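Straight from Swiss-Prot, the features:
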- 88-95, 238-245: ATP binding site (BINDING)
- 343-866: coiled coil (COILED)
- 395-409: compositional bias 'Low complexity' (COMPBIAS)
- 905-928: compositional bias 'Polar residues' (COMPBIAS)
- 7-330: domain 'Kinesin motor' (DOMAIN)
- 395-434: region 'Disordered' (REGION)
- 893-928: region 'Disordered' (REGION)
Amino acid sequence: MSSSANSIKVVARFRPQNRVEIESGGQPIVTFQGPDTCTVDSKEAQGSFTFDRVFDMSCKQSDIFDFSIKPTVDDILNGYNGTVFAYGQTGAGKSYTMMGTSIDDPDGRGVIPRIVEQIFTSILSSAANIEYTVRVSYMEIYMERIRDLLAPQNDNLPVHEEKNRGVYVKGLLEIYVSSVQEVYEVMRRGGNARAVAATNMNQESSRSHSIFVITITQKNVETGSAKSGQLFLVDLAGSEKVGKTGASGQTLEEAKKINKSLSALGMVINALTDGKSSHVPYRDSKLTRILQESLGGNSRTTLIINCSPSSYNDAETLSTLRFGMRAKSIKNKAKVNAELSPAELKQMLAKAKTQITSFENYIVNLESEVQVWRGGETVPKEKWVPPLELAITPSKSASTTARPSTPSRLLPESRAETPAISDRAGTPSLPLDKDEREEFLRRENELQDQIAEKESIAAAAERQLRETKEELIALKDHDSKLGKENERLISESNEFKMQLERLAFENKEAQITIDGLKDANSELTAELDEVKQQMLDMKMSAKETSAVLDEKEKKKAEKMAKMMAGFDLSGDVFSDNERAVADAIAQLDALFEISSAGDAIPPEDIKALREKLVETQGFVRQAELSSFSAASSDAEARKRAELEARLEALQQEHEELLSRNLTEADKEEVKALLAKSLSDKSAVQVELVEQLKADIALKNSETEHLKALVDDLQRRVKAGGAGVAMANGKTVQQQLAEFDVMKKSLMRDLQNRCERVVELEISLDETREQYNNVLRSSNNRAQQKKMAFLERNLEQLTQVQRQLVEQNSALKKEVAIAERKLMARNERIQSLESLLQESQEKMAQANHKFEVQLAAVKDRLEAAKAGSTRGLGTDAGLGGFSIGSRIAKPLRGGGDAVAGATATNPTIATLQQNPPENKRSSWFFQKS
């Protein structure tokens, strides 16, 4: 087995400035002086950095691979262990360098896809007598917990170290692959399960360190020799400055763990390079523990440091370059992991036996010489035993065979032990015995298993606690929603109650209004009945009045008959008086004719004519009296109309007084009004009596005047004689004609005036009767006092009766309102009871529904717990993946595959039967 000391290959790559740096005013601060040197000119420091190779912003993915990684693939196929990992701040392009934009993009794919393709290309182009098997595994270190990305349910795997296997992850799923596409499928599956998140520096920032492990075993089928090489492809999470990334919450916790593990990596590199440390802290972080062989051990390591050229990230760029400079000074001791063939073992055995025989002969010669010397004798110099000239050199058969390969389980002699001082710098200063070391490793593995078990239990408890908290939060949210819904329902119920109460109040008001209207209707009905009764009374009084009027008409007719007895026309145009006047005129004409004929007028005729003239004078006087009485009757009619108007006004005032409640002041006012009306009526009656007396005196004077006129006419007749009569015959005739016309008009008016006179006489009789009654009532003071006392008692009784009626009606109304309120309250109680029953039923339904949902959630939780426990405890949790993926798929060189090997992996689809939900996916893997 060959061993060679080599340094870590460090390659620096600078990406172009991104949008954030340009918007922040960043300027390029890096200049490239050659293919391996760059100069940084920043505010903090200036200087040049030299690495194995420096790539500027315009480099391609293929340039990185051809210079940096392609030799590493050849070393893996030659039986060496190899490591390629990218280091740098977040957003510096590590994942882009390792994975690229897409696996299927020939130009944009990164280092890992190109390595896979190069491996299978080299296998197919190798010799036909070499048989290869390729295994891959994919894991991430998230929050200092190792998680299998191909079996995400295994999220807390322990790190073990054994003498034969070295450092490895226990329980990590390894999949046999036979083609590039199968490896790509595994990478896609694992990449989808990887944790990523968005920060201010990167939209899809890796929140974990991912490690993709490729193990290649090769065997020479002719000689039986074997080699194995293991390649670690590490995509480190970027170091973060919280002020720039804006991390908070879970992202901040992830950043803390990332920076802690990167700090542990820096401490390991410092311990390996300072030359003073007696202890290398590999166990401070699971990342450094897994990469223990890659840092100062049995591995050929390539470090790609990714940097930003902008002044915005100058501090991070300087830190990354200094990290690369320190890592470059680490010395690894890579060895070929070889397994010897039987022929080589026989050859080594023969050589060992020859050496043993030589040693035994040499020992015998030395012992005999020593005995001589001890016996006090001297051995001649020429008889001294010569020094052993046999050169003990290790066999070089392993290095001379054509590309041998080691199996997965290495022999103790095939690898350097981890703590050996000669193999790695910084191992413990006190070496352990072989047995002590094995016991130490065994004890360490047990403790690691216990720690992993306890961490799994703690993680399960934390997960259960988190789920319980989430469930509690969900329940609280549900409770808050129910509370809000309850408050909303309560508010709606209160609104409905207010509306109901408002409607009830409006209903009560409407009912009270209806009751008031009913009362008003009853009052109006009573008033209507009273009005009807009054109408009946008025009809009765009208009948009585009509009877009185009939009696008055009868009296009027009788008086008219008496008054017009002397003027009865008996249906003709002229009455008896008119005919008498006409006869007198005719007789006067006859006498005029006799006198004109010259005949003597008989004295009897003159006497008869004189009597008729006297009678005619009476008629004239009567006509004048009738005319005067007509004028006086007009005045009396006007006065009567005024009296009737005053009487009607008094009656209206009396009705108004009766229609309202009378107080003592009202009573006094009524008494005053009655006294005033009586006094006014008495004054009117007295005035009327005086006027009638004056009329009588006037009539007497007129009668005397008429008598004087009659006497004068008589004298004139006597003095004039027949000559006068004959001279004035024609004039008298004309006067008689005029008198006849006037008489007709006077007779027409006479009848009307007689009617008025009769009416006035009747009214005068009634007034006299009323006046007499007033006089009688005014004279009876005792009776008036008694009537006043009775009226007061009647008024008091009426008032008390009215108050009692009002109180009774008010009490009836209050009783009716109270009954309605009681009925409304009972109805409201019944409605509230029904609403309470409905709400209780709804609450019971909601509780039942919630219990069903809670039971379903608990069932799903138990099922998830049972499924995760089955996935961790048995291989059945891996599905068909654990069966097909663990079947070796040997590959032959020369472009031919071993019979039975397939180009596809049908068990990949069953790798993750229950893919985790809400996992952040990587932008490097585009599902095809």
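In case you wondered, yes, glycine gets a Cβ from its N, Cα and C as well.
Features recorded in Swiss-Prot, as mapped to the structure shown.
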| residue | record | Cβ within 10 Å |
| --- | --- | --- |
| Gly88 | ATP binding site | 28 |
| Thr90 | ATP binding site | 24 |
| Ala92 | ATP binding site | 27 |
| Lys94 | ATP binding site | 26 |
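Taken residue by residue with DSSP, Gly88 (ATP binding site) is part of a strand. Mean model confidence for the coiled coil (343-866) is a pLDDT of 71.
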